[in-house]
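S.K.: Pasting in a structure now, in structure tokens, and then I'll have a few things to ask.
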Amino acid sequence: MATKLNVNIRTLLANCEELAKSEQNFWRLQKFIKSLDTMLAELEAMGDPQSVKRIPGYLERLQALKISTGYADVPGSTTKTPSQSSAVSETGENALKEIRQLQNSKYHNELRKELLQDSDALRRRRGADESSSSSGSANVQETSGENMNQAAKYYTNAQEKITEHMLSLTRNLKEQTETANRIIRRDTEVVSRSAGMADRNINSLGKEAEKLEQHSKKAYKCWLWLMIAFVIATFIGMVLFMKIMKKKKS
């Protein structure tokens, strides 16, 4: 209960201080200040330790409000009956609701004034624009038509350039593909010719090797027959020489 009452007092004090900035609201603040007196008296009667520390600050702010608005205390007893004490919170809440309604109505009035001022300025500006646009509407239409034509030409030229660029890229790609195919075919032919030549060389080398073997075998046989003939001739010569020498001695 004390916490809620503290919150209501702080909120009501802040709203009253905001309203006290304008002298036109002084007459409205009388009953709110009276409600604050009642709420502070109820808070003192509760005897809450935390609330007791805050009460002097509340009283200072309330006294400043009274001085600034010229509030006059109504004479009467400050003692409260139990029924009056139970109605303090309702009185504070009603005062808060009324202050909020006042603030909302004030904000609504200010917003309405701003909107009315903006609408008047818009009407004046629209009249000036209509007077100026009526004289230059033909020029605007002509310039807009020229701008549209220029934009269409620009986009047409851009599309043509893009198309030409794509065609040139396609031609270059086709030429490069054909060149690569020719190079690949030429390299394939060279490789196939080289493979054929290698096969032929291997075959010829095999044949030459066979011929060399045959020649070497023939040469070996010739030398062998020559050696045999030489040995036989030498043997015959020795026999003849020995017979001739015997005849001479005899």
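Using N, Cα and C of the backbone, Cβ positions are placed for all residues, glycine too.
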S.K.: Please find, within the list 97-121, 172-196, 197-221, the residue stretch that Swiss-Prot describes as coiled coil.
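M.R.: Going through 97-121, 172-196, 197-221 one by one, Swiss-Prot flags 197-221 as coiled coil.
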S.K.: Please spell out the DSSP helix, strand and coil residue counts for the topological domain 'Lumenal' (243-250).
M.R.: 7 helix, 0 strand, 1 coil
S.K.: Mean pLDDT for the coiled coil (197-221), rounded to an integer?
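M.R.: Summing pLDDT over the coiled coil (197-221) and dividing by its length gives 88.
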S.K.: Against which stretches of its own chain does the topological domain 'Lumenal' (243-250) lie, if we need a Cβ under 8 Å and a gap of at least six residues from its ends?
M.R.: none
